[in-house]
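The next block holds one structure in the form of C-alpha cells; read it before the comments.
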Ligand SMILES: O=C(O)C1=C[C@@H](OP(=O)(O)O)[C@@H](O)[C@H](O)C1
Ligand SMILES: C=C(OP(=O)(O)O)C(=O)O
C-alpha cells in the first residue's frame, strides 16, 4: 500500500526549568477503543463508543471496519456510533503499524463474504503474525500470507468460520489470543483456544479482552491457565465508555517524577480495566508517590529516582518510558522478561540500548531486556524508529538533559496526535 509521509523534522525536546505541576486530560485508551470497535462491529445491534481515542491506530481500525461494510459515524470526538451489518469482501485494510489491527481484523475478515487484503507500513511486515494466521487456517480459513507468514496477506472470507479447537503459541504477542477471542462468538462452533509455548505476555490486556467480551454478552471461560473457551452466540450492541489511556499517561507521570513535581490524570475511573495496580507498584518502586482521589490519578515525584529490578512482561508497552527513568535514576536497573518487545513497533530492546547509549547511559542488552547503569547524560539526536513510545522516552530524558532532539515526533500520532502540544504545555508549567 502506498504511504505518502512528510519528511520528519528534528524536534527539540523541551527541558524543564523546575517541578511540573499539572492536571492532564488524555484521550481514551487505545486498547479499549480498538476492542470496542471490533465488538461493536460484530454485535447484533448498534453501539456507541464514548470518549474514544482518535489517533492513527483507531482511525485506521475504523477505516478497516468501514471497508468491511460496517457503518461508523466518527464525526463527534466524544461519541462514535457503530452500526453493524453483514461483513463484505472484496476489501482492503491498511493496518498502518498497529498490532491491534493486524491481529484483531483478520479473524473478523474471515467472516466476510469475499477476499480481504491486509498490508501496512514497511515495518508492519516484520511484526509477528504467523501464529494467528496458522491458527485461523487450522479453523478452516483460507489465507495467503507472505513467506514469513505475515503481511501482506489476503483472508479469503467465506461468510462463516466453523471454529472449534485451535492451538497457538502466543508468546510473541497476547494480541494473537485477543484477536481470535474477539471474533470467536461469531464462529459456528465458538472457540477453544489453547496456548502452548513460553508464557503469553501482557496478561492485563487478555483480561481486558475477556471482560469486554463478557460485557458484550459473550460466554467466556478462562478458568484453565492458557486455555480460553468462547461459546458461540450473538453479542449485543451497547455503550462503551472508554477510560483515559494509562500507557499514554506514562510519560506525563514520568515528567512529575523526573522534575519532582505532580501530575494528575483527570477523569480516571474508580474501577479500571487497565493495569493501574501494576503501574502504581512500578512507579512507586522507581520513587514516586501514587494516589487516587476524586480529581483523578496523581503521581508525585519525591526528588529521587531509584533504580529497579523489574519483570515488565505484564506491562511491556511501558518499557521505553521506564528505561528513560532508569537512565536518570540513582542506581542501576534491570528490566527483564520482555523479549517479545523486539516485535513491537521497532525492536525496542535494541533501539533503547542504542539510543540510551548515545546519550551517555551504560546499557547492556539481554535477549529479554536491558541493564541500565545511569551515567552523566548529554544531549544527542535520539532516533525514534517511527515508534511513539521511543519518542516518549526521549522526551522524558530531554526534561533533565539539555540538547536532546528527536529525529521525528510525528510518530506519536499512532496513539496521541496531540503529544507535542500537550508536552510543551506541561513543560511550560515547570
Ligand atoms: O491488546 C492490546 O491492546 C495490546 C497488547 C499488548 O501487546 P503485546 O502482547 O504484543 O505486547 C500491548 O503491548 C499493546 O500495546 C496493546
Ligand atoms: C506495542 C504497542 O502497540 P501495538 O498495539 O501496535 O502492538 C504499543 O502501543 O506500545
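Placement of Cβ uses the backbone N, Cα and C atoms for every residue, glycine included.
Residues 30, 31, 35, 173, 174, 175, 317, 344 are given by TrEMBL as 3-phosphoshikimate binders; from 17, 47, 202, 293, that same site also lists 202. Here TrEMBL gives region 'Disordered' for one range in the set 1-23, 70-92: that range is 1-23. When the Cα atoms are compared, residue 175 (phosphoenolpyruvate binding site) and residue 30 (3-phosphoshikimate binding site) turn out to be 13 Å apart.
Under DSSP, residue 389 (phosphoenolpyruvate binding site) is assigned to a helix (H, G or I) in the three-state scheme.
Only 317, in sequence order, out of the recorded positions 35, 127, 317, 348, 389, 414 have a CB under 6 Å from ligand 1. Cα-Cα distances to residue 344 (3-phosphoshikimate binding site) place 99, 127, 317 within 10 Å, out of the recorded positions 99, 127, 317, 414. Here the CA atom of residue 317 (active site, proton acceptor) lies 13 Å from the CA atom of residue 414 (phosphoenolpyruvate binding site).
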